[in-house]
């Protein structure tokens, strides 16, 4: 694009963003801006004078931005509060405080150390994450921008030092440091181009223009004496509205969003701009929009909380039982001055054992027991889970199979809270455009003057041909198309020798074709960029569709090569001379596209002086705007549009009309007045003016662009379907387009019964204006309910025939289906169908459907999308997956996990999801198992000692059980274990159903592990006690004492729980060997080192292992016997289950062990072990085709 200084143009008539504004004074200003000065519109900015007295009194915030969760002052209190919000940590804090009282069964240090250790690790993780955010803040706050220091001198200044009212100069490719009002730019027209990817996720460039009053301030020296006052709205989160006035030399100019440059936007295609700071720091709109993402917790984590609560209940129950027993026995110690247990001397004891106050003693014992049995609760569980999840995310982020080389985009787990949830997804809710498709549009067909042109074959047409069995014909068409296509141009895949190379001049209605191509080349907001080396022109466009239109026009002989604020330059093929000529169209107005208008228009004056209105838009709004004399090709065009939609193409209607001077003058005055209005309904006023003007059009034809399926989408959907995952598609596209994309990706197939719920059925769409809106709504609602009821009847009937159904519903019907009195019936129908496609869905409807599925079914939902319109859906789902594609980063920034292509979802779920689910579930079960073993051994010893409060183990034995000798093997299990390899996960996708049905973390499995823990504790305790009771233990004939029994018990517990881990692991790495064997070896080293310490430190463990246990062969025999006896029941159960009642993953393990995993026939038989039949995908289509063939074949 041409840049730099250009000839000054007349601003009186320009496009929709023109600043054709007259200065406002007095009552005019008050009438046009009635909101200024009212609540919410009270901000005053003293431009180029931020240090004046009035500005100082306003106390606006500075430009320092902080996104961290903590500060140096608040870190300790806030982080501690976060940690002790967990009930488990609060309990351990209470125990730590009680440890300093006489009721404590162990020393204070042994109670405090594990709590401090675990909390310190968790807070350390928080501090590391917050420090990363802090570094980002430091980098952003220390960026430099040129600031006006006075006398026309601009100096580089840090962003954080900016103040409201400062004048800044931002240069090309720089970000705006705060919210600015554009004063001028390097263009004489005072325009600039802005990229807002960081704000709304859109990659298209936005055009901004300064007020005419400030447009001449385009040199540094001109700001030496510049002074102005801006009055505007207060800080708010709305990105798309702005109301204010600029007072310059007693004249007031209305400000609009067209002058607002938002922080974190980037200046593009413009050398520099000058702007005044109006919002700083946390007052800027981007910071006002920054909200914390919704807190999401996995179902496993929520169930873990319930288990912890149950263990609390069990702990209290055991304490109550022990205390009651202790109180009863203690009260019997002294009866009629007779001491029952005289050796305890109850006559001269303390209050803790006083028979005369047995009730108080029982209460104090309850406190002791509450502390003692606390080892039932795994103190290191939550911090271990966090560590494991972070390490699992490292594996996801570094998976080379999910790296998109073309875009240099790896997978990114943006949160570690939901890893295991990836293995339990039941329903995927997917966007279509940019998610299933590439969002890279190609101009492939068109209809002009009632004739269809373009012979390209779309992916949908290929799928349709396969359904009809015309694959040979498709191959021939493709080969012919390939021969005709000499070069590959991105965005252009048009094949038709009747049109290309200027051959269109010999077609009937050549003048209509010429006008059609002119509309393509002129009616847009694209920006041309000239490559000086190659001389080629590329385009920056608002959307891929628009880029495809401009590229198609260029390839067909109408090359748009330059635009200014007031003109568009096109090299056109002239049918008279047979060569290209350069023509300049004066650009008078651009009436932009919006989702409500569904069209865009330009008003231009050609070189002959004729005024033209060129318009393009959706068929739903364009056909009704045609003049009676402009409908010559309407029927043929409608027919072609429907055919294009069936082929999966996106269509737009092109039309135009001549405009006379008087009509344009009236329109321009009304449009300018609406633009200059400083009121909340400004946009609506502009739309009303445009709506009256954009009528009586003459139809030219229709365009058809293809949004190709992403590579690997059908195969991915097929695998996900085999895994039992249901896929819903929520799209804004037309029903015909969505249906045919469904066929192309095998979401739909021939023979699948379709339940279509459409607001146009049963005549409801043609009621017109004969009835009022409320009656119309009631009729539509009744129609939708009736269609849903009929669908349910079909669904009930299909259960007998096992017929697969597909539900397709449009956006208007979906509005009624989501109402309270219909949504349950709609959901029941939807979840009974194999495929669900919601067409013409708004972003809000996407979010509401996702919420409905999540809350009503109780299953895990995953939403996947790529655009800003998918954010609500991603945040509403249990897991939000953002596609980091061309639509920007808004979806990614709102997601939990980011991937570059839809096909990576297959590996993310079937491999990483399954592994993470299995690892977390197994690790948590093991945690509870080992703590139940340890806790019940303490309980048994308490019972053995008459619930006296005596602890079986040394204090530091207690301390290191959770944080020392059993922690690392559990973490290794959670990070490295695999039941089957990634290849087998993909080969047998039904394995994924173990997570969906929660087989590995069901209450049955949890109770099984709990029972195993109780059984192990029982075996260890009673075998140890009976084996050592009254038995000579050492060579000198000494019997076992309290210290030796405690060490023997402790050794057996540690060896058993680590050996149990070894039996549970499916996939050994050297790290597992190191951690399991290392933990056992560390125990013996600890016993030697700790026992060698001073008795004041080692207390009851002093020299116990070295002098008593190690020399005694009986100790080693007891340990071996107890370990084998304890693990034998689990080993026996596992062997029987593996052989006779295997789970699906165990069947695959046997298959691999027997060398049958590469046998195609045997693997096929294995795949038939489906929990539910496959109803969608390539496999289902093939099976249906084969089944149909067998039915037709004679027996």
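Glycine is no exception: its Cβ is also placed from the backbone N, Cα and C atoms.
Just so you know, TrEMBL annotations never went through curation; they're auto-generated.
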Per TrEMBL record, range annotated transmembrane segment [choices 285-306, 307-328, 329-350]: 307-328
Stated TrEMBL location of transmembrane segment, expressed as one of 882-902, 1113-1133, 1134-1154: 1113-1133
Range annotated as transmembrane segment - as stated in TrEMBL, picked from 854-875, 920-941: 920-941
956-976, 977-997, 1166-1186 - the range that TrEMBL marks as transmembrane segment: 956-976
Range from 359-383, 920-941, 1006-1028, 1074-1093, 1113-1133 with most C-beta pairs under 8 A to the transmembrane segment (307-328): 359-383
Cβ pairs under 8 Å between the transmembrane segment (1006-1028) and the transmembrane segment (956-976), at least three: no
Local Cβ density at residue 433 (ATP binding site) - other Cβ atoms counted within 10 Å: 25
Those residues of the chain, 6+ apart, with a Cβ under 8 Å from that of residue 869 (ATP binding site): 431, 732, 843, 846
Proximity verdict for the transmembrane segment (1048-1067) and the transmembrane segment (1113-1133), three or more C-beta pairs under 8 Å: yes
Residue numbers, six or more beyond the limits of the transmembrane segment (1074-1093), whose CB comes under 8 Å of its CB atoms: 956, 960, 964-966, 968-969, 971-972, 1047, 1051, 1054-1055, 1058, 1061-1062, 1101-1106, 1109
Best-contacting stretch, by C-beta pairs under 8 Å, relative to the transmembrane segment (920-941) and drawn from 84-100, 359-383, 956-976, 1113-1133: 359-383
Residues that sit under 8 angstroms from residue 650 (ATP binding site) by C-beta distance, when 6+ apart in the chain: 441, 545, 704, 705, 706, 707, 733, 737
Long-range environment of the transmembrane segment (956-976) - Cβ separation under 8 angstroms, sequence gap at least 6: 106, 110, 113-114, 117-118, 375, 378-380, 384-385, 387-388, 391-392, 919-920, 922-923, 926-927, 930-931, 934, 1046-1047, 1050, 1053-1054, 1057-1058, 1061, 1064-1065, 1067, 1069, 1071-1072, 1075-1076, 1078-1080, 1082-1083, 1086, 1090, 1101
